[in-house]
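Residues or ranges marked as transmembrane segment in TrEMBL: A:14-30, A:37-57, A:63-80, A:114-134, A:141-160, A:180-206, A:241-265, A:277-301, A:313-333.
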Amino acid sequence: MQNRIYQSVFSRKIVFSLILLILLLAPLFLSDFRLNLLGKFLAFAILAIGLDLLWGYTGVLSLGHGIFFGLGAYAMAMYLKLEATGGKLPDFMAWSGIQELPLIWIPFQYPILAIILGILIPACLALFLGYLTFRNRINGVYFTILSQALVLVIVTLFIGQQNLTGGTSGLTNFSTFFGFQINSATTQTVIYFVTVVALVLVFLGCKKLVKGRLGRVLVGVRDGENRMRFLGYNPSTYKTFVYTISGAIAGLAGMLFVLQVGIISPTMIGIVPSIEMVLWVALGGRGTLIGPVIGAVFINAAKTGFSESYPDYWTYFLGALFVIVVVFLPKGIMGLVEKLKERWNKVDVKESSSVEIEKNYS
Amino acid sequence: MSKNPAVLRSKKITVEFSGFKAINELDFQVNRNTVHFVIGPNGAGKTTLLDVICGNARASKGSITFNEKYELAKMSENEIVHRGISRKFQAPSVFAHLTVFENLEIAMKQKKTLRSILRAKMTKEEEQKLTDMLDLIGLTSEKDKSAGSLAHGQKQWLEIAMVLMQEPDLVLLDEPIAGMSKQERIKTGELITKIAKERAVLIVEHDMDFVKDYADVVTVMHEGQLLFEGSMEDVQKDPKVREVYLGRKVDADAEVTGT
């Protein structure tokens, strides 16, 4: 009887429903400021799910997801900027001596188109890069290094093209979204709910993908890419597919981020944030989908908490947290939950689907 | 030699590794419904032969035809699998994080494009096929265990089963009984005899007793070339074979004659 209670407490469905309930009720007990922060964390959590699909299930470690996130964020920011200026040239363009709205900005006058492009552009970039790299069997560390290079290239490009992107200061000073005041508490609450819905949809979508036969094939690609070839699969197709999906999800997360934070700049999409994204997934537990959500929220909440209470030392706390997780919780928070569950049940549970952490660094 | 028609035929294939000819102008043939062993001293090119057939290595010269119509030399690994050749590697490489059943599920003959995998749902027929296979290899009770938790011998059988799930015309096995106990060897040998009723099985093996017990045809390779081919009895009598083995190993005589 006792066993059964623990088992049900920790069963994923219950965890999922509980988290969802808390998220939906959050506006009742959180201040506007805190709710806005939580919304931002949830946007990160969306990205983390996509990253887990790629890393935890398919075994492809990308240290360049900041870029896909950034492309989505900039797409949304460009629209917001144009709406703020009322169709006139944004200020930074006028300062650079530009007379007319540049061609690449034109589609972003239309909100629906901007939203579609915010998902489509990162997806297409991922498709293109994935196709070239995976087809040529660039795998493992080599792919990871390449994904870092991608960040450098794109960030440099964004900073360099100041007249098009706002340079290092990025895009900010937005006023309205679909005509609603973007900074009003009501709009922000609505955007928060939209973020929760997006999170749930992305989570369930990814869950459906990995529950099907595709999930088994992806694990096969992760654990024995070459073996899969001799079972008649072409692993590069699967990797490209997941990379594309993951890029699209990152773009969606970027859009929701901008709506709640009100600014996007190259430092937010660069190398450091890209690596942090991977840490969210690692801390939460790879190959679990729910783990990365917890990881993203937990790390970002810790970051905010530490920086508020100990403004001078918070980076040390954060560093220590990562070391503790890597050393003591190689399978992340979900790995710990799994372990506790096993201890309580005192029966052999099927090996969790997450892999040992060292595998991906070899 | 055998009345069965050829399933695989190689003409003067050469495989080079930075100048070294692992296989040198080899003419070779595998017939249907045959248990065909390849033996030879280390470095004779046995594993390379399997590699070049399944696409893991590329021939610099020559051709390999499969079922009289497919030229394998230019196909990718996954295309070769879909033509009907499956390979089991030496070290067991089952997917440890999937269950036994799931291992068979992804190995099963099916369209393996992304589109059809996305739509795939386990049908009654498929489930039956998987259940039958579990029965054949004797792992029915291990169905839902993770493959990583199986014993060594069971992993090897699972892997043979994964190869069979693709319903190939030609099965390539690389030292299938390495590290197995006496009992497991017998079980594996019986399994091989059983599966060869419907297809050709090409096996690289070092264990001469095992070869003697189950071979229909034995090919002896030496320095990338075919040294001798025939029944195990003929092989044991052949002076060239004895010389090659004796020249390399002190106890080779015992090994070849199987005493």
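Residue 1 is the first one shown; counting continues down the chain.
Backbone N, Cα and C define each Cβ position, glycine as well.
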Considering only Cβ pairs under 8 Å, which range in A:14-30, A:241-265, A:277-301 makes the most contacts with the transmembrane segment (A:37-57)?
-> A:277-301
Counting only pairs 6 or more apart in sequence, are there at least 3 Cβ pairs under 8 Å between the transmembrane segment (A:241-265) and the transmembrane segment (A:14-30)?
-> no
Where else in the chain does the transmembrane segment (A:180-206) make close Cβ contacts, counting only residues six or more beyond its ends and a cut-off under 8 Å?
-> 16, 20, 23-24, 26-27, 32, 35-36, 38-39, 42-43, 45-46, 49-50, 52-53, 80, 174, 249, 252, 256, 259-260, 262, 289-290, 293
Based on Cβ pairs under 8 Å, which of the stretches A:63-80, A:114-134, A:277-301 lies most in contact with the transmembrane segment (A:141-160)?
-> A:63-80
Tertiary contacts of the transmembrane segment (A:277-301), defined by C-beta under 8 angstroms and 6+ residue spacing from its ends, are 12, 15-16, 19, 37-38, 40-42, 44-45, 47-49, 51-53, 55-57, 61-63, 65-66, 69, 199, 203, 206-207, 210, 318, 321-322, 325-326, 329, 331-335, 337, 352-355, 357
